[in-house]
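Peer 1: Just passing along the structure, written as structure tokens.
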């Protein structure tokens, strides 16, 4: 059997064993899956106990010290502080088994929760706007450049523009670059003669 087919058969065997093993997982009862519900809004944290208090009082403890007692299954912690309010929270209804939760949360008054799709949308829109502005600037500068420099080359003009520019007088010579007179015996006039 070629080695390619061997790997395919081995892969199918592993997949079937994995699927067969998943069927044997026991599903826990709904009673054992009860969990706390934690809601954070601004600097407030609301804990909801998985037990219903029915007609008895519910006792809330933090680090095994009683902090709250009510007939509701939730507790609201206002002005939550990560340092002061973090710890193990337990809720107990009467003499029933208590549920434990370790809570450590960072909160702030003016925080806004942003989901992943909002962040991706903001980034994509920002990139599109930036590219759009880049293209507008490119095409605008390209069209202005074409209007500013007309390319007209005539056969007899030698590549120079025609019209009024042709009648323009030559530029005024700069006094710093005056030509050396033949009557002067300066350093530069001597160098010039040796070079010939």
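Placement of Cβ uses the backbone N, Cα and C atoms for every residue, glycine included.
The shown structure was predicted, so the numbers you read here are calculated from the model rather than taken from an experiment.
The disulfide bond feature in Swiss-Prot is assigned to 49-91. Annotation source Swiss-Prot lists transmembrane segment at 117-137, citing sequence analysis. Taken from Swiss-Prot, the feature topological domain 'Cytoplasmic' applies to 138-196. What Swiss-Prot lists as region 'NUMB-binding region' is 164-181. What Swiss-Prot lists as region 'Proline-rich sequence' is 168-175, and the listing cites similarity to another entry.
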Peer 1: Over the topological domain 'Cytoplasmic' (138-196), what is the model's mean pLDDT?
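Peer 2: Per the prediction, mean pLDDT sits at 65 for the topological domain 'Cytoplasmic' (138-196).
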Peer 1: By DSSP, how many residues in the region 'Proline-rich sequence' (168-175) are helix, how many strand, and how many coil?
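Peer 2: Counting residues per DSSP class in the region 'Proline-rich sequence' (168-175), I get 1 helix, 0 strand, 7 coil.
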Peer 1: Run through the Cβ atoms and count how many others sit within 10 Å of the one on residue 91 (disulfide bond).
Peer 2: 24
Peer 1: Please list, in sequence order, the residues in the chain of residue 49 (disulfide bond) that are at least six apart in sequence and whose C-beta is under 8 Å away from its C-beta.
Peer 2: 36, 58, 60, 73, 74, 75, 91, 93, 99
Peer 1: Sort residue 49 (disulfide bond) into helix, strand or coil using the DSSP assignment.
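Peer 2: It is coil.
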